[in-house]
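Under the heading compositional bias 'Polar residues', TrEMBL lists 1-14, 87-98. The feature region 'Disordered' is assigned by TrEMBL to 1-106. Per TrEMBL, the feature compositional bias 'Low complexity' maps to 51-66. Feature annotation from TrEMBL assigns domain 'Cdc23' to 72-317. The feature repeat 'TPR' is assigned by TrEMBL to 378-411, 412-445, 446-479.
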Amino acid sequence: MRCTIAQPTPLNSIETREHDIHNQRGRARVQSLADYKKRGNRRWFPKRPAEASSESRSTSSPTDASTPPPDAEQLVGIEQDPAKFTPSHTRFQRGSSSIRRRFGPSDLPSTPLGGALYVATPVHEEDDCADSDFYLLAKAYFDCKEYRRAAHVLRDQTGKKAFFLRCYALYLAGEKRKEEESIELEGPLGKSDAVNRELTSLENELSKQRKNETIDPFGLYLYGIVLRERGREDLARTVLVESVNKYPWNWSAWSELQSLCSTIDILNGLSLKNHWMKDFFLGSAYQELRMHNDSLSKYEYLQGIFRFSNHIQAQIAKAQYSLREFEEVEVIFEELLRNDPYRVEDMDMYSNVLYAKEVFPALSYLAHRVFMTDKYRPESCCIIGNYYSLKGQHEKSVMYFRRALKLNKNYLSAWTLMGHEYVEMKNTPAAVDAYRRAVDINPCDYRAWYGLGQAYEMMCMPYYALYYFRKSVYLQPNDSRLWIAMAQCYETEQLRMLEDAIKCYKRAANCNDREAIALPRLAKLHGELGSFEEAAYYYKKDLERMEAEEREGPNILEALMFLATYCKSQKKFEEAEVYCTRLLDYKGPEKEKAKSLLRGMIAAQSGLSSTEAEHFPP
């Protein structure tokens, strides 16, 4: 027997059935198709033959007042009893993940099998009053950002969804008023003492609900936010853990919990159930705690489960970007753009990679693409700002970074990049202000601390600069640029702390110094301090690196000259002769100095005087 898929009932049929039901029930009401469409997020599902037959029977027999007609039940999208129906009609199976779009719903289990035992996904209980007129009216007010009107409509409603929507509306109303006051009472650095005046009443109400065990996971999520805003971080963590354990699909709750995990000890102390959403949380938390290798491992593990997830690919790129593996990051973002050509999210990081590698054509193409896709996104503005910065048009670059901040005043990347532009423009007061705004948003942003150090170094204030460089190095200890900046600060005339500078350069050399600054500086500093053996060691290492990379420049001449002189003084004439012979290939004073050294070595080996050795060709 062939199954046919039931089509959505026409409007006139609904109206006819509505009239019949009204006559049978008296007060029963079924909305029109247009009302169902306004409600949003409803889907049409095929009905099984058993349901179709029961529908045909229902037209000949009167319907009980407590049971809605099968057609109306399918139309509204009411959840079915999992004990009576197959899992293909549960809420989870109606999801639209990237994997589900590529495979049939029967091909995949309800939770991924990635080699680990996960707990079953908790089923969220439905709320009977969620579709009431009061709730729908309040939701409409909420969508229009009329938060106090929404809360007022739900003042007498007792359902869990209505309770959450009312409390959340009050919280957002307080946040809205707080933002207005912060603008009105803004201080010299953009700070104000404005607070959310709804927090106290919300804390009391939500605390009472939690004690009575009548609060749902979303209420716990809101309670955790309120507690965090009130400064009660320990209790906030406990409440948010309860929320994600009861309903792990709420990523907002995971994000709030992550913001409260400032150390690895706090993170390891959380009592989280082994749901696979926990792996996403740990990957993000490790990245925030600067454990980039652990974060990369976690996301690579998740990629084996969610093989077609663009989000996981982007997170892997973000972890590799933090590890300064720019080649791999560029490859991942190119693949992301092939799979999702209109993607804007995370593309500002790709523009940073292209900027650092000075790949102007690719950055120009990316800026044009995001401009045509959605030019009023903070990410788009930052990409265009990087494009103009690479062209040397710093004023225009600042204009786009300011536009990004108008769209999102807490967009961290825009503040930091705008500070860099002000440094290029030698506008140090504006740069300091931009970097301080970035630090206020995220104290763990090492780039902002590094920028502050640069700005104070430009103002000839090395002690302040040293303080901020130390902050940045603490947050990102594997970045050679930060160690080099701190070493150069130690070398300034005001400090002249050469021993500390040497320590910093050694750390930079061990952190994959791409700019090739650490080794020649180590050689020079050891030479200044009279440690010629150490200086020769670092000159040799630098010479080997330049030969491997096939580099030419003044550093190679300096290294060859020092090594030739040092080896001659140590009576290593054969090695000194090799360095002198290489110097003869260059023009300038180094060539003449090499000839003189060769004559001196010939005289020393043959017992001739230096005057007699002049007659021998080098």
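Any Cβ shown, glycine's included, is placed from N, Cα and C.
Within its own chain, the repeat 'TPR' (412-445) has Cβ neighbours under 8 Å at 189-191, 288, 290, 348, 378, 381-382, 385-386, 389, 394-395, 397-398, 401-402, 404-405, 451-452, 454-456, 458-459, 475, counting only residues six or more beyond its boundaries. When the repeat 'TPR' (412-445) is classified with DSSP, helix, strand and coil residues number 27 helix, 0 strand, 7 coil. Residue counts for the repeat 'TPR' (378-411) under DSSP, helix first, then strand, then coil, are 27 helix, 0 strand, 7 coil.
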